[in-house]
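> Would you mind keeping the following structure in view while I ask a few things?
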Amino acid sequence: MAKLVMLTLLGLGLALFRDHRASYQTRLNAFREVKPVELPNCNLVKGIESGSEDLEILPSGLAFISSGLKYPGIKNFEPDKPGKIFLMDLNEENPTVLELRITGSKFDHSSFNPHGISTFTDEDNTVYLLVVNHPDFKSTVELFKFQEEEKSLFHLKTIRHKLLPNLNDIVAVGPEHFYATNDHYFVDQYLRSWELYLGLAWSYVVYYSPTEVQVMADGFDFANGINISPDGKYVYISELLAHKIHVYEKHANWTLTPLKSLNFNTLVDNISVDPVTGDVWVGCHPNGMKIFLYDPENPPGSEVIRIQNILREEPKVTLVYADNGTVLQGSTVASVYKGKLLIGTVFQKALYCEL
């Protein structure tokens, strides 16, 4: 009888393991291959060799790019070097990148590990750059003031909070006010790996201000990118492993109400919003397994999608760019400026295209 019980329990355990493995592979799109969609005028950006995980373009055409992300389980080509913030002027005919100098006595350059970024421009045209940072694989938000003439960032403040333990992306709604995604619930690496494998949809979105910090949305299977509509009325959140983008209505008290969700056949990463048209641009991973299990002989591909009229019942979704990893590996973000497209990656290069 005891043997029968043990065999039954073992069989149930194996069945559960197979179910979770199948679910894990499905969530990662483990068997999907990429059919290339090319753009005619594209060039790799010189000077970026260790990722361009997130980027933000100012109305003036100046683009901030975060580079050098070190993230558990993800490839990094320069593991011994601190991360950087690059500046790129998209008004130039052949734009190049410049590393922004960071000043401020209390900022630790050696542990700088930038992830998601966002800008906020004050009424006096002061530009603030908010950067998700992972010093020693912890999570902080670094607040900088952009000094355009000096081509530098002045460090103003480091923000920490118990509701910001696993930050991924951020969208600023004030100099010290923002929404941010936590892509995991657990902080411990062992528990994080099981959370990911089992598909525990426990990650969440937080609103932060100096006087109030509150969870505004939860129940995500890896909350990732976040951004806001040009009129400030809607917040967009990408759920990476559910292949979804969620639209939330934002209220005057900063709370969020779910409005709709869009499904995709790709892992949706960072979200950019065209300030002129309101179009949503998303960097995507067609096969997430290739991101977590990097093989230079079979590298991860890249996809960029554009969503027009996202609030309508049937938005128009266009696959603008797709590559099997031959040119661009692991695209995370895409943003446009006056007919030009800039695509970033988690650990590799960046691509600049004329649309």
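The chain as shown is numbered from 1 upward.
Glycine is no exception: its Cβ is also placed from the backbone N, Cα and C atoms.
Heads up, TrEMBL stuff is auto-annotated, nobody curated it.
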> Scan Cys42, Cys284 and flag the one TrEMBL records as disulfide-linked to Cys353.
Cys42
> For the recorded Ca(2+) 2 site formed by Asp54, Ile117, Asp169, which further same-chain residues have Cβ atoms within 8 Å of the site's Cβ center?
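Neighbours within 8 Å of the Cβ centroid, excluding Asp54, Ile117, Asp169: Glu53, Leu55, Glu56, Ser66, His115, Gly116, Ser118, Val131, Val132, Ile170, Gly225, Asn270, Val333.
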> Can you list the residues of the same chain, besides Glu53, Asn168, Asn224, Asp269, Asn270, whose Cβ falls within 8 Å of the Ca(2+) 1 site's Cβ centroid?
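Close Cβ neighbours, site residues excluded: Asp54, His115, Gly116, Asp169, Gly225, Ser238, Leu240, Gly283, Thr332, Val333, Val346.
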> Please determine which of the recorded positions listed here (Cys42, Ile117, Cys353) has the lowest count of neighbouring CB atoms within 10 Å.
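Each of the recorded positions Cys42, Ile117, Cys353 was scored by Cβ atoms within 10 Å; lowest is Cys42.
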> For Asp269 (Ca(2+) 1 binding site), which residues in the same chain are close in space, meaning a Cβ under 8 Å from its Cβ, but six or more apart along the sequence?
Asn224, Gly225, Ser238, Leu240, Val282, Gly283, Cys284, His285, Ser331, Thr332, Val333, Val346
